[in-house]
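Since the structure comes first, as structure tokens, the remarks are kept for the end.
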Amino acid sequence: GVGFKAGVKDYKLTYYTPEYQTLDTDILAAFRVTPQPGVPPEEAGTAVAAESSTGTWTTVWTDGLTSLDRYKGRCYHIEPVSGEENQFIVYVAYPLDLFEEGSVTNMFTSIVGNVFGFKALRALRLEDLRIPPAYSKTFQGPPHGIQVERDKLNKYGRPLLGCTIKPKLGLSAKNYGRAVYECLRGGLDFTKDDENVNSQPFMRWRDRFLFCAEALYKAQAETGEIKGHYLNATAGTCEEMIKRAVFARELGVPIVMHDYLTGGFTANTSLAHYCRDNGLLLHIHRAMHAVIDRQKNHGIDFRVLAKALRMSGGDHIHSGTVVGKLEGERDITLGFVVLLRDDFIEKDRSRGIYFTQPWVSLPGVLPVASGGIHVWHMPALTEIFGDDSVLQFGGGTLGHPWGNPPGAAANRVALEACVQARNHGQDLAREGNDVIRRASKWSPELSSACEVWKEIKLYFEAMDTL
């Protein structure tokens, strides 16, 4: 007979190892598993471990040519999710050798590549990953990081201010550059290409880059502050993307931008390497993230996408606002923020952080709050995000009744007032509105902005809760 036992396997025998002690070099994953009716959680959990590592559905004789014990993923713990029927958190440990060094693409292909279509599962969500230093050290990470960015821009002790130029599509390059100049001249640090501004018939990329660079230098000369505009280098091919980044560097601008999920991790990592080699900051937009992370029981939580971005490389990334028009629950969002900025993050289930995450010397990423925010949100944003963040007001700048420069000035005054109040020991959470009101007495621009947006509320319940 053959030298192995043919037939369909019971995954549980090989891949369920509750006695396993995880190694410091293992990549650990926490999956939220919803098994099909009648499938026991151990069976579902081990199926995940197997299919995302060495397993296949039947015994193959080539198994005998390798050491499964060395390479298999192990399901080492299963716990029911409180308050949910038939949902379990399944913990899987993957040996480091399963992954190519320095490749977020390969990491995701392995861990989430196949297993989400598995018949035994009704739904599956990757909640968190623990990236060991042995693996994170194989990545360059963010091109520059928070401290280097502050030194490049010469801006300290406060959040940075941005504005997405609207209408996002349809402006000519010259009119677009005019809006950029007005916002920067009015007091913002950055303006931003919208994520879907690439190179369309009404505004080709090269024209936009030129007019924006002109706007930037003019505003810089007039204000004596360093200014930036996130020039979106996202393109249809990697070669074209790099070509745009090269042109940005030749113009001498400080920062470019990329849509990392639609562009892909391979392209993003290439761009991040180029940016470090050439002194460009890299702003990352997370377009398409909600397709992946919004459903509570299926997909990938954004905290995993945020960790992946820190490895792949980016200096800023959108992380939700807590207060604006888009999804973001406070504790969960703060979980993203600390994972992006800090060197060492303790396990904290109240923020959805399933594992203690050491980043050792990987630079940090500035979280960007953007989407439906205006001057009345400034105290809350300053309080929640702290100094190391970028606050982006698109409509909250360009929607000012007196135009763009006053809109920018209103935001800058509101921010400076909040930072000053905080530094003097005031509690922004409680006294924030008073701080804004007081500041608006000596700033007509702010006073007008306060009037326009005083009643606007964009409140809905968050979909993704703990």
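Cβ coordinates are placed from backbone N, Cα and C, and glycine is handled just like the others.
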- prompt: Swiss-Prot has ASN114, THR164, LYS168, ARG286, HIS318 binding substrate. Which one of SER53, SER67, SER361, SER370 is in the same site?
  reply: SER370
Message: Using the alpha carbons only, what distance in Å do you get between LYS168 (substrate binding site) and LYS192 (N6-carboxylysine) once rounded?
response: 10
Task: For THR164 (substrate binding site), find which of the recorded positions LYS5, LYS192, HIS285 come within 10 Å, Cα to Cα.
output: LYS192
Task: Identify, among the recorded positions LYS5, LYS192, ARG286, the residue whose Cβ has the fewest other Cβ atoms within 10 Å in this structure.
output: LYS5
- prompt: Relative to the Cβ position of HIS318 (substrate binding site), how many further Cβ atoms are located within 10 Å?
  reply: 23
Query: What's the CA to CA span in angstrom from ASN114 (substrate binding site) over to LYS5 (N6,N6,N6-trimethyllysine)?
result: 26
